[in-house]
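Straight from TrEMBL, the features:
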- 105-132: coiled coil (COILED)
- 160-298: domain 'GGDEF' (DOMAIN)
- 7-26: transmembrane segment (TRANSMEM)
- 32-50: transmembrane segment (TRANSMEM)
- 57-79: transmembrane segment (TRANSMEM)
- 85-105: transmembrane segment (TRANSMEM)
């Protein structure tokens, strides 16, 4: 696009130059007093199409020089000299008024373009803030809800599996009470980034679901693939080695994970049913001692597998 604009600018410059020379030759070929020089301001208007203030300025200078030179080169005089000089002065003023107005207009357009760019950047920043949790940097609940609904629709249309992980930080409240809210915020941020770094595909999404709970959307992922990813996340979080001094733990921060999957061909792939199934699996993981992965399978209706699942 820039190359096309540059080529167009060069074409306009060449055309302005040719027209200025043509007007000058016509000006000196007719007697002084015939208003051929009135065409010079029109060339200035043409130069404005280049959207370059320097081109317009140079064109105005060139046309002014040619207009003045025409007085001395023309061979015959049709009107009194003072009338010719007044006319030439008026044309000269017209050239520069046109040029200055054009340059001011171009400056205003550039300012508007800059403001528009800044506004677009600000909108992108605001959109990012609206979609992301300010503390952890991952997606927020609102964006998660939107994306899960879209992914459920894609899964139904494409007949592809869709997996959801619900993640809860084990014994986070005692940790937060003992270590303080600032340490708690740092802990959640570290866990969120660890989960984010475990995801490998652009379509995967991690979101802060609420409090110390996170959710991960895994499009086109089977139950086996989701379990594998959940285990990877569980191990990575444990390897952060964030010490939890709570009496129930007195060891590293861990997570419990509930996994649910929509299978191809499921007609009723509502987000609420997927969340409900993953929540049920997460609840069982917490009841089974935490720091583990439990699964729920979705077929015609939400179905929790018996204790099975991954430790």
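One is the number of the first residue shown, and numbering goes on along the chain from there.
Glycine residues also receive a Cβ, built from the backbone N, Cα and C atoms like all the rest.
Fair warning: this is a prediction, and the values are worked out from it, not measured in the lab.
Summarised by DSSP class, the composition of the domain 'GGDEF' (160-298) is 60 helix, 39 strand, 40 coil. If one looks beyond the coiled coil (105-132) by at least 6 residues along the same chain, the residues whose Cβ comes under 8 Å of a Cβ in the stretch are 48, 51-53, 56, 138-140, 142-143.
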